[in-house]
Amino acid sequence: MSQSKKKIITFSANVVFSNEELLTEILLHLPVKSLVCCKCVSRKWLCLISSPHFTHLRVPCFRPASGLFLYHSSFLTNPYHKFVSFSLENPITTPLQKFPFLQHDHHNPKIMISQSCNGLLLCHTVHNPFTFDENYYIFNPTTQQFVTLPRPLSGDVIGMGFAFDPWKSSHYKVISLQISKLEPANHQIEIYSSEHKKWRVSGQTFPRHYDICFKNRLVYWNGAIYVSCIKRFNIEQEKFEEVAIPDVQDHEEDDYRIIYFGESYGHLHLIQVNRQNLALYNVYEMKHDGTGWFLKYEVNVEDVVLAFPHIIRGFLETTDFHYYGMAVLNVVRGDKEEDSFLILHIPGMVILRYNLVNKSFYKLWDFDNGVHDAFAWCLHFDGSNTYEYVESTYCW
């Protein structure tokens with residue numbers, strides 16, 4: 001290359017690097033993994049990419065989930081985290097080689113993911129399952145950054161959930177359900193704000209209720225944390241609300257069961273099956289105002305049953321909800337309607353991607369690939385132990 005061309009390239013690069021507005025515009029179009037690498041270029045780039053302003057500008061560039069964390073705990077695994085990429089053509093390498101906060105904890109605790117929300121994970125360590133001695137963390141698996149949450153003020157923690165909506169704010173809130181110190185027979189809610197970095201008590205104590213259990217997988221959607229498919233905590237109004245389930249017409253309620261509940265790419269889903277036709281999945285979506293459900297997809301998975309006849313449990317009645325040994329791990333929505341799919345688990349065999357529009361399916365992960373058969377059959381994943389992975393540059 002001639003000296004004149006080198007000078008022109010150097011001059012052009014200097015123009016770009018010195019113009020923050022132009023540099024920002026270029027960086028906004030880079031994928032998340034490239035942005036993480038760009039932080040190492042200079043202190044200026046690090047500050048720019050890590051700034052709340054840049055994070056806010058990238059919100060329209062948010063992409064659908066690109067993978068799934070699977071959690072299973074047994075005497076063999078204790079615990080076992082597996083990452084499954086949603087793409088075979090351009091697979092995402094596992095972003096979770098090791099939890100970085102384990103370096104700061106020398107007690108060799110058990111790690112659990114409690115919730116996934118728009119690129120961030122709420123994790124907690126369990127030193128002793130018979131006590132409330134748990135540490136909670138907000139963790140970005142893309143950047144490997146984390147924050148250790150301070151302990152709440154007013155009692156033993158039963159469980160936590162959190163709300164992070166980058167379309168509304170660059171800050172997140174954590175909701176803690178606790179046993180009240182002053183009234184041990186009652187529960188208390190505390191709220192932590194990343195903006196103010198402190199806990200505060202929310203509302204009065206209330207009697208314990210089986211519908212309010214923060215030990216299950218929590219789901220954030222549209223300003224509320226869903227502690228179950230029939231109960232949610234309104235973040236703004238700081239109160240619990242009832243959630244209606246889809247109407248069952250001309251059938252007994254016992255004939256139906258909800259087999260999946262979760263959020264993906266701004267959509268809240270629920271899957272319901274009827275014992276008279278267990279291969280027919282009715283996939284419902286919550287209306288935007290949160291007032292009710294509408295039927296989004298009708299999915300007949302008989303072709304999956306034919307491909308994997310081992311999932312038929314012939315010792316059960318055909319109307320038994322456990323007749324098919326198959327679980328829905330996730331409903332994944334994409335940029336386009338044809339990019340939406342189910343993630344299905346065939347125990348001990350494979351994890352499938354099932355397209356909701358053209359009804360095609362293929363293997364994402366085969367248990368025979370690097371996993372001993374006896375070990376594979378011990379693994380069972382379901383939708384309550386799966387967490388979406390969304391690439392995010394969110395920084396603290």
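Keep in mind that glycine also has a Cβ here, set from the backbone N, Cα and C atoms.
What TrEMBL says about this protein:
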- 20-56: domain 'F-box' (DOMAIN)
- 82-257: domain 'F-box associated beta-propeller type 3' (DOMAIN)
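Away from its own ends, the domain 'F-box' (20-56) comes close to residues 142-143, 166, 170, 391-395 of its chain (Cβ-Cβ under 8 Å, at least six residues beyond either end). Per-class residue totals from DSSP over the domain 'F-box' (20-56), listed helix then strand then coil: 28 helix, 0 strand, 9 coil.
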